[in-house]
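According to TrEMBL:
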DOMAIN    83-214  domain 'Cytochrome b561'
TRANSMEM  53-72  transmembrane segment
TRANSMEM  78-100  transmembrane segment
TRANSMEM  121-139  transmembrane segment
TRANSMEM  151-177  transmembrane segment
TRANSMEM  197-220  transmembrane segment
TRANSMEM  226-245  transmembrane segment
Amino acid sequence: MPSNPEPQAEDYELLPSDPQATVANEDSQKPDMGLAEQLEKAERRQGDDIAKYVALGASAVTLVVTWFVMLTSNPTQVGWFLLHPTLESLAMLFFTYGILTLQPTSQPRTKVAGLARHQSAILFMAFPALLIGVWAIVMNKFELGKRHFRSWHSILGIIAAGWIVIQISIGGGSVWFGGKAFGGGMKAKAIWKYHRLSGYILFPLLLVTVNLGGALSHWGEKNVPLFIRLVAYIVSPLVCLVAVLSRMRVSKMKFF
């Protein structure tokens with residue numbers, strides 16, 4: 001009985017069961033081309049590298065402005081609030097890197113490395129920073145006796161935070177322990193495209209939350225000059241979004 005055809009290389013972002021064997025087979029089929037050249041030709045598109053640095057640079061602008069303003073505006077007098085803008089802007093930088101580092105991967109070896117970097121950036125850097133930042137603003141409101149969820153920034157922020165928990169659970173469940181949480185094998189691999197699509201919807205929501213918190217909040221209007229707010233919290237998030245989306249591989253999200 002003939003076996004079922006294997007999925008295409010870019011159908012899923014997950015790794016094959018034996019990546020070393022797959023790489024060895026590919027190398028034997030292309031003896032005249034070095035591995036580094038194979039990977040570069042297979043994965044990079046024109047403009048990908050520029051878009052990566054533009055996205056990271058734009059996210060860094062928001063981070064630097066936020067940290068500078070917070071640390072030069074009587075930081076000892078704002079209590080728990082100090083941790084909210086600083087850590088949330090740091091989380092956004094790591095979220096951006098986590099997406100960028102996995103986007104172009106299509107070869108077994110680069111998938112292994114990209115997935116490791118993606119999980120490290122999201123799980124060990126971005127997510128903890130985001131949670132502490134959320135906790136800090138909750139504590140700040142409790143101490144000041146202020147009501148919660150009175151602005152679009154706070155409403156979208158808590159929605160995004162909850163979405164991230166779900167996003168990590170689905171993404172992790174599809175790869176950890178062989179994807180047993182979703183039935184393992186191809187069943188688990190099939191979940192990844194939904195995780196990827198969800199991430200591309202979640203990322204703009206995070207950037208809009210940053211925009212509202214920096215450009216239109218009382219804190220932003222009080223502490224950040226209009227031009228700087230325009231650059232750091234409107235232009236930079238928009239540039240970051242366009243750069244990240246320009247590197248998107250639609251072929252990795254085949255729903256039909």
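Glycine is treated like the rest: Cβ placed from N, Cα and C.
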For the transmembrane segment (197-220), what are the same-chain contacts with Cβ under 8 Å, counting residues 6+ beyond its ends? 62, 65-66, 81, 85, 88-89, 92, 95, 99, 151-153, 156-157, 159-160, 163-164, 167, 170-171, 229-230, 232-234, 237-238, 240-241, 244-245, 248, 253
Let me check one thing: do the transmembrane segment (226-245) and the transmembrane segment (53-72) come into contact, meaning three or more Cβ pairs under 8 Å with sequence separation of at least 6? yes
Among the recorded stretches 53-72, 121-139, 151-177, which has the greatest number of Cβ pairs closer than 8 Å to the transmembrane segment (78-100)? 121-139
Reported in the order helix, strand, coil, what are the DSSP residue counts of the domain 'Cytochrome b561' (83-214)? 114 helix, 0 strand, 18 coil
